[in-house]
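Please read the structure below before turning to the comments.
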Amino acid sequence: MPSPSTSPRESTPLPPPKLYDIREAPTYTTSSETTWNDTYKNSSEIAIVIDNGSSQTRAGFSHDPLPRLTCPPMVSKYRDRKAQKTYTVVGNDVFADPNSRGQAKNPFDSNVVSNFDQMETLLDYCFINLGVGEEGGGGVGHPVVMTEAVCVPGYNRKMMSELLFECYNAPSVIFGIDSLFSYDYNNGKTGLVLSTGHTATHLIPVVDGKGLVNLSTRLNWGGSQSADYMLKLIQLKYPGFPAKIQSWQAEALMKDHCYVSSDYKEEVANYLKPEILLEKDRIIQFPFTETVKVEKSQEELDRIAERRKESGRKLQEQAAKARLEKLIKKEQELAFLKTLQARQETDSKRDFKRLLEQNDFRDEAALEKSVRELDKTIRRARKQDVGAEEDAANSAPPSFPLLDIPDEELSDDSKKMKRHQKLMKSNHEARLRAKAEKEAERQRQEDLEREDAAKREADLPAWLSTRHAARTAVLTKIKDRTRLRNELLDRKSLASQMRMKSIANLASDSPPSKKRRRGGGGAPGTSSGPGGGGGGAIDDDNFGANDDDWSVYRNITLGTNSDEDEEDNELAKELKAIEDQLLLHDPHFDRNDTHEAKSDWRASLLHAFTRGVREHDVDDQAQGCQIHLNVERIRVPEVFFQPGMAGLDQAGVVEIAGDILLQRVADERARESVLRDVFLTGGAVAFEGFDERVQREVRGIIPAGSELRVRRAGNVVLDAWRGAAKFAQGEGAGKGGGWVTKGMWEEAGREYILEHRLGNAF
Amino acid sequence: MAPPAATPQTNTVLDELDITPHPRPFKNPSWKTPHRRTKTLKQILSDATRTAAAGEGGTAPAGPMQTTYANIESAPSLHPAHSKKWCDVTGLPAKYTDPKTKLRYADKEVYAAIRMLPPGSAERYLELRGANVVLKGVDVGVEFAGATNGGVVGTWGGVGNAVVGSGRGG
């Protein structure tokens, strides 16, 4: 994203980031039971109301303002071997102990009950908490109102009825749909109920207070799937995150930070733009323990640095000295060979030949060749540092007075001195020669530069194209290196296999076959090893003659390697040099085109996505334990509107609403009144902006001019229970509508229910 | 604190919360737990379809508008706007698809990142969008994933769902 406004980047420093802490483990508080009205004990008219949801179980009496018991439907049966007994723990209590937490199970599969053993335990727990039942096993003694899924399969109703009537001796039972109870509690008469549950979302049209269950539609997406989606997104976004992100944490993050975008397409496209991201990026700080590094005092650091420098200098000196000695030796050898060459003219042919043979040369050509080669190596060696250059250059040429005096005239001491002076002299001369060579090299570089400049002035476009080509070459090299490094991390990649092959070849004792050796140009097989530089070895295969041969050793070393770093640095330096030239001479190449600018974090989309608008410090442990929520904030709730995003092949809520309103509700007049009350309930509609979005999008699909009103339940999670309680009190208890007594049930069949306006059809 | 080895060790936290020994006067003393009471939703639904099919041949014909758990499921989206493509990594609008991993991506930087993904990650991204389905017949599989956005969850859920759904929709 090259943006023209690059200059104000640095001008205003960003405000310090606002950090959101991740919630601590969920703490459940059970409502205090002191203030409850105990009149229920005297009246068998008062019903027990159970909102039997897949994420929360709520139970209480119909005259209570709130459910007395609210807990997750978790059942844990855990056999403790040490205690030799089986524990049964239900609800929030399962989280109290790690063992019971590990065994905790939810009796629900999607939104229907699948495990009725666990369901029975859960109901036991409810009734224990409500304190119902008379001595002697008379049953619960109160009618029961219970919620069930929309169009629950007959099997489930049968099993639940069996439990309530036969196990708990309920005198009469009513089943209803939670979202319809909620709508009824919010005084709804005609409208469309959109209920987002824990595992599924339902849309049910209601006309004249009666839910038209036969026109309802379910979307298999709810709060639990959303939370799961959130968790997976975070895990993929931060693959190496140090902390384990629990599913309840993901759920909490979703509830705290997600909202429904009013115009998803528009908003998401611009979400990672810096100015928008600054505002919308949420940084979540996970707990971390700071490992305190032992801070060394400045003095200590200085001392260490000094020591290091000192030893480095010593080593350098030693190396330079060794190099110098070698150089002198070589120079002497060269001088000798040259005298040998000179003798060719003076000596007779036969004498010269014998001389050559004495010195291991076949003929003059061989001699000449070694002279040439030696000359070259000396030249090369001279360019290197041969130590103590400054001193030698600055001081006047030292005098070596003893050298001119013949040995015979000297005492033993002086002889020693002379030997020393001789050495010093050759040192001095070698240095001088090295200096001259260096000077020549510099000259050569300057010439090259001048030539380059001349070329540039003569034909700028051609020169630019060569420079650009060079830059691309370096860039490819850098890219190739990173790719290779990454491929080596994958055990199965071709690069890794090549590496294993190289290792196997190097490790094998038998020399690889000749054919193989001749085949590959730089085939890395050698039996003489890197040290075998001997000239006359029979099985020498010239390994090492080519510089690339040595890369076989680099190929087989893995991990961070100072050698590699050095090469990376060199490449970077080369690139920088080329880019500097281009910056200077190419009018179309500016600062934003440089590799540095392009790999700058400010320009990186992924940096914005994972690290927000600020620079990321790899060493900062706090930052390492942060996650940034940005696109996810709208991406997760969006699935309700576009289920395809999460791989769910179903229509979204608005499309379903349109289908129900325009296709299924046949009556024109009914449609008008349904549109006047679109009612949202259930946990997931708590997302900010859900109702505005529904309003906006439904408006787009209904006939122009129709009146549309969207509202939210007073309490999106609790009103279902309250509605059920209200239903039991008002209508049920007095008029008997919908109540199925035990006698009726035994008579009419196991799946039997009486249809009522807030329940399923039979 | 450790009790003698002979007496069983007790878990004080669980001892308090355990409801096993709690009296249950609300229970019918003659209630016997039925033998097998656990069925997954899938089993329940397939059993229901089987009995419904048997029932239709018998005396009680089910009405044409009979709604069941399986057939109230929402049908696939027909709205062309909902087949929009989003970047699998960032969630931004995606113009391109990587032919190797089949991941959708927003720009070349994301593409580079996709190519650097550790093995297995690409599959996890695809799974998130339900596009990692591998069907036996290769041709069918590709077409299926392309045409329907690769859904698994809904389509296998109910038998004969599509037929009933389209009938109701009209």
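Cβ atoms here come from the backbone N, Cα and C positions, even for glycine.
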Range annotated as coiled coil - as stated in TrEMBL, picked from A:48-88, A:294-334: A:294-334
Beyond the flanks of the compositional bias 'Basic residues' (A:416-425) by 6 or more, those residues with Cβ under 8 Å of it: 398, 400-403, 405, 407, 410
The compositional bias 'Basic residues' (A:416-425) - residue tally per DSSP class, helix then strand then coil: 10 helix, 0 strand, 0 coil
The compositional bias 'Basic and acidic residues' (A:426-455) - residue tally per DSSP class, helix then strand then coil: 30 helix, 0 strand, 0 coil
